[in-house]
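Annotated features, as they stand in Swiss-Prot:
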{"type": "CARBOHYD", "residues": "21", "note": "N-linked glycosylation site"}
{"type": "TOPO_DOM", "residues": "59-78", "note": "topological domain 'Cytoplasmic'"}
{"type": "TOPO_DOM", "residues": "126-137", "note": "topological domain 'Cytoplasmic'"}
{"type": "TOPO_DOM", "residues": "195-300", "note": "topological domain 'Cytoplasmic'"}
{"type": "CARBOHYD", "residues": "341", "note": "N-linked glycosylation site"}
{"type": "TOPO_DOM", "residues": "369-424", "note": "topological domain 'Cytoplasmic'"}
{"type": "TOPO_DOM", "residues": "470-531", "note": "topological domain 'Cytoplasmic'"}
{"type": "TOPO_DOM", "residues": "596-934", "note": "topological domain 'Cytoplasmic'"}
{"type": "REGION", "residues": "855-910", "note": "region 'Disordered'"}
{"type": "TOPO_DOM", "residues": "1014-1056", "note": "topological domain 'Cytoplasmic'"}
{"type": "TOPO_DOM", "residues": "1100-1170", "note": "topological domain 'Cytoplasmic'"}
{"type": "TOPO_DOM", "residues": "1215-1498", "note": "topological domain 'Cytoplasmic'"}
{"type": "BINDING", "residues": "1294, 1295, 1296, 1297, 1298, 1299, 1300, 1301", "note": "ATP 2 binding site"}
């Protein structure tokens, strides 16, 4: 009979239908595979593959096609090769037809096979053409087809040639080789990428992601990312090295899609009217939602991301199919090893199939993980953008129900939890399928004995849930202590000036360390329970196996234990164990994600600003009225009562309307109503023209001065200079280190309160708006600056003349210059008219003026512009040799400051920055950091831990080896003689492993807790001992990051990563030992694999560490921008800057994604390549076993191969654990950063020059005293020599930046003297410890400070006084009745920093605290500047009663406060300009007289 005529045509007819034909005699010993099997597979598998997937693929590219590709040389070559294959197969079809026509009988298969291949090749060529039409540059379907066409027919061709079948027909021989060559060429070409489309929709980015240019094999194994990993290995990665973000991953695209679907889902909600209208009660509305609102958000997310999720799910299902194929193949392989008569080709085939199944499982699983991680990234981006856009439209009522920290918590915690849950969603149903398949496998292997596995498995589940519940209780306790510690640490760092001024560091350190001790105690208990949980997970496979083996061997009739039963059971139980551990974890993560999802949905449903609350127009109509309110009634939210009633108001063009009234009258609410921020109950509001708004509490961004003022408008340099000079900022900016490019820090930390308010005013003025709404912008300015700003900006001749201005003010002396005055009382308009008209009416305005009880022109609520100036208090930025101008006239021509500003604009880096940026670490972590951590753990404990890990791994190895010996025991009459002994020893080894595992893990966690405690104590001590200048240069956020995030990393992450690294590393050694012991020949292949492993590890670790650090830094900027926008959303809306802020947020998110995407790709690159290496180790173990079959037992082979099967995960987790550990070790490095900074003087001196009762008199003497706030700055105080007598009351006055507060700082040694010294009662203060000095002086600052804790703790931090003494002090400051009315009285818990108390009440409590100290020296640093006149009178009365015999230094802006002082010091440019009694200084008509004249006192 004629032989086959095609590449797939059989060389001879098969004997029957069995492809595993063992009756057919093999032609030669070197034939490894059954010819019948190979012929069948090569004939039908490739065509079936393409006809199943081809139509689906064709439909997909038809729906998702892009622009067609160029007719490139690659495409032409593919088509030519395809047509050549069609011609060859046409020839193969024609030959049998011609022979039939000639009367030569032909077997049907000789015609069917070539015909099938002809149609299949035609279809493949058609797909090549359609791919070009639809823009497909690399095809996975065709790559798989050509690969199958190469492998299966290739094997058939080799066997046909080796059997000599081609010698009979040379022509067929040549045709077959030609076909195979063409297919190989097609395979090679499918590994290449075609040219980009003709008309690309997207512009080409600078550094495009190479994924688009990658071939299918490169995409499957993530080789396209190798370039970035190589760059990261060779050098430090920078922003230019990161790939540009594709449009499909950009914030603009993702957020717009989700927002569109979210609005669509919300349209169906009852009561929805185009914007969210869910009420916002005055509670944590979105933290504890009363009803679930997740439905619309869930539908929106599903519509946007379902295709990506479903494709990833399909990859996971296929991966699991191959996962369960491996145990079946292992079973067949061990059966082959146990059968000495089996053919060699069976072993080779099974080894190849195990390797192929493991590789396919790896590739599909990693594709699932890749898509899941990309989906996580996209979901996080989309929901974060949705939350940000919601922040920009939140109503005032909704904002009151939340805080910036809550929103940041949504972004950093809840969105992260929701994104992470994507991976676990499929676990809710797929794990049950795992469990079912595992039990089916066990039943096939062990029969009814497998039911015991069910019993043990079910009994372990309650144990895990119990441990999880108990651990959760201790974790909650740890979180409570951590929250308490965080609150106290934050309060301590934000009020460090007050703490150091009073010498309270020890008290706070003791409180913090006590809380820290409780936190670590809960952490230790939690980690010990975690160790038990981990041991139960690790040992559960052993427990189930022990019970199953014992029942099977001791109860069942056929109780022989062989290698197949033993090691296949262990492999299946390993899969079952993963399901057992993963299931509760998945449920826990999904439950947490559900809570977070509810919080997010509730937040997104909060009440928004009513778009119909105000009718705004930029058109200029004929009406002269810019603002019109008709019968307006407004409320903060739907639940709250109206705050404004019956408002009827019209403001014409160019009018200056002053709004006054008592506290709580509704002045700020009126401005909010005009801005559309309040809920309009009835009436109408109309505004014609653009609006600029200045809030009462200045809001500034963490950017430069020029960016704050320009506020996303084009830079107009002359106008900018004019605005800065008019707002009294010109000289300030000129003295800043980097001029207008000087960063002002987080929340304006580098500026004083007055500077921030003037910057806020400058921002509004720069806009050139038609309407200005000014909410008491003069309150934070001293009298002189207030007058200057009003005259040059707000007043009739200021920059805003001709615009419509509504000025809310408590500065009553400006009222005569207002065009109209509106007096509010209890939310209604009491009266309105000109100043003279209202005086004649003798109404509400006259009552306000009489109630002020101060001369006209006195500033009523000024706050110090001196404390906290840039960069530290005392305004060091104003140089002493530059006199501060008393009036800033409009600039003509090019002034010096304008030239300086222009120079700074040209070179923003010329003078450097002031605040210390939180640095991003680059490169590898130094060895010294690891050694410092290990020293904190303790050398003995480290050695003991390594010994325990070694012992438990020896027990694990012995357990597997003993099981192999058990499986190899001879079977006599269906039984093994020593089965009982084998079982007892197997159980004993498992118990020893469990004990060693628990002990080793507990040692790691307890050692980590010990190291964390020591490192935290060291960090706390280093920060507490730092001088005040360190806190002025270092943002509070940086410090809090060390005490929160970095400390948490040291607490939890480092011990866990170290435990993981040691576990996997020792496990990897066990696998290597098992494989080499069973087949020593494997060492030849293992060594090259280890070289590749080391190479992958080096590339990954170097790059991943850098990417993770960059990602952390980028994401923190997103959170900071979110919090900043939340705090200033009212200003953003008033300036109509929502679009630019949204664009900035999207840009920040995109920058974060530019780091996140390479990071997740690098993770997949590592996992794929290391798992493929692990699969290679399995293949090596199996092939070596086949080669050494003659002298290897099945039990030893099972031990070796089953151990190798577990190494695929172990390889990548060793590297990941090492990388995670290195990333976490950065926290140790950052925690130790502050150990090297200079420390302040000792708190206590062993030989102190002061007596126990020092100072007994209170005499203070300055001798040539000079002080500078930073080494590079000029002297803020210089050449001060004066003596203050005991018991003398001295006032200290001067303009802003004159050095008033600097004298107090020098007296308390908050800043050390640059020259000279200060003596108190004849003792130099440098000879006294800081705490000794500061505890003997009392200072009452301008800003009252309270701390989290009870009222009693706030009054007596050192616990030195009795309750009776505290009540007496409270009675003196007239707060006894108030405190008595509080719940708990002295034990009343203050919220935050006394947020539930008024400013006046907090200041009186600070005064009571000062009374309890009973020191001889008292410093009042503008202590009454921010309180109302009534509170000021109370404070003055208490001071006169308690401090009559004390030396009092009264620092004041308001000269009225120092008129009763015995002596007044007038500071000017850091020197004492004048000194004498108030009457003498007024008579001299010098600087004091000019200040008094400006304040209306002379």
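Glycine too: its Cβ is placed from the backbone N, Cα and C atoms.
Source: prediction; values computed, not measured.
Distribution of Swiss-Prot features across the structure.
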| residue | record | DSSP (3 states) |
| --- | --- | --- |
| 341 | N-linked glycosylation site | coil |
| 1294 | ATP 2 binding site | strand |
| 1299 | ATP 2 binding site | coil |
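Cα spacing between residue 1298 (ATP 2 binding site) and residue 341 (N-linked glycosylation site): 103 Å, rounded to the nearest whole number. Taking CA atoms as the reference points, residue 1300 (ATP 2 binding site) and residue 341 (N-linked glycosylation site) are 102 Å apart. Counting residues 6+ beyond its ends, the topological domain 'Cytoplasmic' (59-78) has Cβ neighbours under 8 Å at 128, 130-137, 186, 189-190, 192, 194-201 in the same chain. Taking every protein chain shown into account, 1294, 1299 are the binding-site residues, and of these the Cβ with the most other Cβ atoms within 10 Å belongs to 1299. Around the Cβ of residue 1295 (ATP 2 binding site), the number of neighbouring Cβ atoms within 10 Å comes to 27.
Other Cβ atoms within 10 Å of the Cβ of residue 1297 (ATP 2 binding site), summed over all protein chains shown, number 28. If you look at the topological domain 'Cytoplasmic' (1014-1056), the same-chain residues 6 or more away from its ends with a CB under 8 A from one of its CBs are 482, 485-486, 489-490, 493-494, 496-497, 500, 505, 508-509, 512-513, 516, 520, 523, 527, 745-746, 749, 871-873, 914-916, 918, 933, 936, 1004-1005, 1007-1008, 1116, 1120, 1220-1221, 1224-1225, 1227-1228, 1230-1235, 1237-1240, 1269-1270, 1305, 1310-1312.
With respect to their backbone Cα atoms, residue 1296 (ATP 2 binding site) and residue 341 (N-linked glycosylation site) stand 101 Å from each other. It is 341, among the recorded positions 341, 1296, 1301, whose Cβ has the fewest other Cβ atoms within 10 Å in the structure shown. Residues 54, 57-58, 61-62, 64-69, 71, 75, 78-79, 82, 193-197, 212-213 of the same chain sit 6 or more residues outside the topological domain 'Cytoplasmic' (126-137) yet have a Cβ under 8 Å from a Cβ within it. A sphere of 10 angstroms centred on the C-beta of residue 1300 (ATP 2 binding site) encloses 29 other C-beta atoms.
Proximity to residue 341 (N-linked glycosylation site), defined by a C-alpha to C-alpha distance within 10 angstroms, is shown by none of the binding-site residues 1295, 1297, 1299, 1301. Here the topological domain 'Cytoplasmic' (126-137) is broken down by DSSP into helix, strand and coil counts: 8 helix, 0 strand, 4 coil. For the topological domain 'Cytoplasmic' (369-424), the number of residues in each DSSP class (helix H, G, I; strand E, B; coil) is 48 helix, 1 strand, 7 coil.
Counting Cβ atoms from all protein chains shown, residue 1298 (ATP 2 binding site) has 27 others lying within 10 Å of its own Cβ.
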